[in-house]
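Undergrad: According to Swiss-Prot:
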type	residues	note
ACT_SITE	106	active site, proton donor
BINDING	92, 108, 109, 110, 257, 258, 259	substrate binding site
BINDING	96, 106, 145, 175	divalent metal cation binding site
REGION	239-274	region 'Important for dimerization'
SITE	175	site 'Important for dimerization'
């Protein structure tokens, strides 16, 4: 079996595992699966769960696509690959829970290969996961980062710090001067050792289940009202802004002729913007600002709910 097929098999199995956990936790709705083909080459399967008891929308897609010309979002970073044939596979998800006390989350794990004249000229792994709470709990954030740190440990003492920092620097709404959430892990261009890098990708994918779903289970029955719902919809607007303005995966997908319905599945089903909104000082909504900047979560002394 080729290296590419090994990665592909892992990713399709990961999609299945995550979907099974989501359906079990939700207990009400099920994923609808949409198989699609891309005219330029390749295809995928997009799965969407909507209007569940726990998840307002949960979208998770697998894609295996190929082409003969890299889109600008990729070739600008790798000009030496202009004109090369390429193939990429990945799993990407964004979950928008119903309860405002359950954070939105994102995971992406991917593998990219480029060839010229029948010979591989580049191949690398990328991905990561991040968490976007609206009403954050320190306990949840510390759990999230503890799982991230522990899965990084077998890959070197600096891996967690480096990929946490990369996440903090990547998921930033520069026009708002705030991070998208409380971070996690982000990596790209991982190409030193296939077996080691593939093992890390698997650790990230597997670790996501351990990092996210205990938080969902802990918070999805928390009582909330119209005020919390309105704030959740307002903050979802920031998620839309980041994905459409800055996200590399979104730009790559759209510029490469990808399937728009699958690419934009990351966007929430309901969202609102409000001109000049400022939360009341001292409110739970105002408290969120303290979390939307890089912090050393695992070494801070203040740990509370």
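A Cβ is built for glycine as well, from the same backbone N, Cα and C atoms used for every other residue.
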Undergrad: Say we define neighbours as other CB atoms within 10 Å of the CB. Which of the recorded positions 96, 106, 110, 145, 175 has the fewest?
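TA: Taking 96, 106, 110, 145, 175 as the recorded positions, the minimal 10 Å Cβ count falls on 175.
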Undergrad: Report, in whole Å, the straight Cα-to-Cα distance of the residue listed as 'active site, proton donor' from residue 259 (substrate binding site).
TA: 19
Undergrad: Taking each of the binding-site residues 92, 109, 257, 258, 259 in turn and counting other Cβ atoms within 10 Å of its Cβ, which one has the fewest?
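TA: Among the binding-site residues 92, 109, 257, 258, 259, the lowest count of other Cβ atoms within 10 Å belongs to 257.
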Undergrad: DSSP three-state call for residue 109 (substrate binding site): helix, strand or coil?
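TA: Assignment for residue 109 (substrate binding site) reads strand.
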Undergrad: Taking only the residues the record lists as binding substrate, namely 92, 108, 109, 110, 257, 258, 259, what is the largest Cα to Cα distance between any two of them, in Å to the nearest whole number?
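TA: Output for substrate binders 92, 108, 109, 110, 257, 258, 259: max Cα distance 20 Å.
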Undergrad: Roughly how many angstrom lie between the C-alpha atoms of residue 96 (divalent metal cation binding site) and the residue listed as 'active site, proton donor'?
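TA: It is 9 Å, counting Cα to Cα.
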Undergrad: Can you tell me the CA-to-CA distance separating residue 175 (divalent metal cation binding site) and residue 110 (substrate binding site), as a whole number of Å?
TA: 28
Undergrad: Sorted by position, what residues of the same chain at least six away from residue 108 (substrate binding site) have a C-beta under 8 A from it?
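TA: Spatial neighbours, sequence-distant, of residue 108 (substrate binding site): 90, 91, 92, 93, 126, 127, 128, 129, 249.
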Undergrad: Give me the CA-CA distance between the residue listed as 'active site, proton donor' and residue 258 (substrate binding site), in Å, as a whole number.
TA: 19
Undergrad: Measure from the CA atom of residue 145 (divalent metal cation binding site) to the CA atom of residue 109 (substrate binding site) and give the result in Å, rounded to a whole number.
TA: 18
Undergrad: Do you know offhand how many angstrom separate residue 258 (substrate binding site) and residue 145 (divalent metal cation binding site) by C-alpha?
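TA: Here the two Cα atoms lie 32 Å apart.
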Undergrad: Hey, does DSSP put residue 96 (divalent metal cation binding site) in a helix, a strand, or just coil?
TA: strand
Undergrad: Take the C-alpha atoms of residue 257 (substrate binding site) and residue 145 (divalent metal cation binding site) and report the distance between them in angstrom, rounded.
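TA: Their Cα atoms are separated by 35 Å.
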